[in-house]
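Asker: Straight from Swiss-Prot, here's the annotation block:
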ACT_SITE  217  active site, involved in ionization of N3 of dUMP, leading to its activation
BINDING   87, 110, 111, 112, 118, 206, 207, 208, 212  FAD binding site
BINDING   107, 108, 109, 110, 118, 119, 120, 121, 122, 190, 217  dUMP binding site
DOMAIN    41-251  domain 'ThyX'
MOTIF     110-120  motif 'ThyX motif'
C-alpha cells in the first residue's frame, strides 16, 4: 500500500505541474478525437509541437524574441509566406493517426517529406472494412484530364457499379479468410485484397511540408477521396496556427501564379487591348485556365 500511495502522489505532482512547452488550447481540445472522413475513415490528431509563436521565434532568432504584438507577428508570418521563406515553418511539427483506403494511401505517400508507420497486414489480420463511393461520386472518365473524373453516372448505372464493388470486396475478403484458415501466411493472404480496403498509419510532418501537401491535395483537381482528408486537416491547421493559416490562404491556397506569357496577357487586357490566344504562344489548356481565373469561374 505504501508503494501505491507513493505512486499516486508522484502522479498527482506530475499532473499539477504546468508544462513549459508551447500549448495550443484549441488543439488540446481535439487531441485523439476522430474526425470522420469518407464512409469508414478518419483523421485523429495525436501530437503536435510548436505554434505560430514558434514560427516567429525562429524567424527572429538573429535578434531575439523581443516584445512583439499579434499584428507584428502576423505581418512577419505574411512576409515569410509571401517570399517563400520556408525554414521557420519547419520548426512546427504535427502527428496524425489516419484511417484511409489503400488507393488513397498510395497517392498520399508520393509526398516523401513525412515520417510514416503503417498498419502491417504481415503481422495482423485486416478488418472487413472497405470503401464504397457514394452514388454521386461515381463518374465517367474525364475527356480532357487523363487522371480525373468526368460527369456523374446516372443513379442506375452508379448503383450497378457500387453493387459490383461491394460484391467483389466481400468476395476477396472471404478468400482472404479462407487462406488464413488454411494456414497460409498473412503476408501472402493479404495480396488477394483490393485497393478499396482500409489501412491505418501514423503520419508525422513539419508545417511547411504539410502546407505543401494540403495545397496540392485540397485543390479542386485533386481526387475527391484524398481531397476530403486534406480539407479535414486544413481545419485542424486553422486551429493550430491561425496566423500561418491566414497567410497560407492569402498567398498560396487562394492565390494564382502566372507564367511570363500569361502575365503579359493580363497586362495587355488591363491596358484595354484585345488578345488572341494564337498570338501569345500559350497552349489551349493554359489559356482556358487563365480565362477561368480572370472570369472568377473556378
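Don't overthink the numbers, they just go from 1 along the chain as shown.
Including glycine, each Cβ sits where the backbone N, Cα and C put it.
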Asker: Same chain only, please: residues at least 6 beyond the ends of the motif 'ThyX motif' (110-120) with a C-beta under 8 Å from a C-beta of the stretch. Say none if there are none.
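Answerer: For the motif 'ThyX motif' (110-120), the nonlocal Cβ contacts are 199-206, 209, 212-213.
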Asker: Compared by Cα position, which of the binding-site residues 87, 111, 118, 207 is the closest one to the residue listed as 'active site, involved in ionization of N3 of dUMP, leading to its activation'?
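Answerer: Answer for the nearest of the binding-site residues: 111.
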Asker: Over the motif 'ThyX motif' (110-120), what does the predicted model average in pLDDT?
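Answerer: Across the motif 'ThyX motif' (110-120), the average pLDDT comes out at 93.
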Asker: Return the single residue from the recorded positions list (111, 122, 212, 217) that has the minimum number of other CB atoms within 10 Å.
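Answerer: Sparsest of the recorded positions 111, 122, 212, 217 by Cβ contacts within 10 Å: 122.
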Asker: Of the binding-site residues 107, 109, 120, 122, which one has its Cα closest to the Cα of residue 207 (FAD binding site)?
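Answerer: Nearest by Cα distance to residue 207 (FAD binding site): 109.
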Asker: What three-state secondary structure does DSSP assign to residue 111 (FAD binding site)?
Answerer: coil
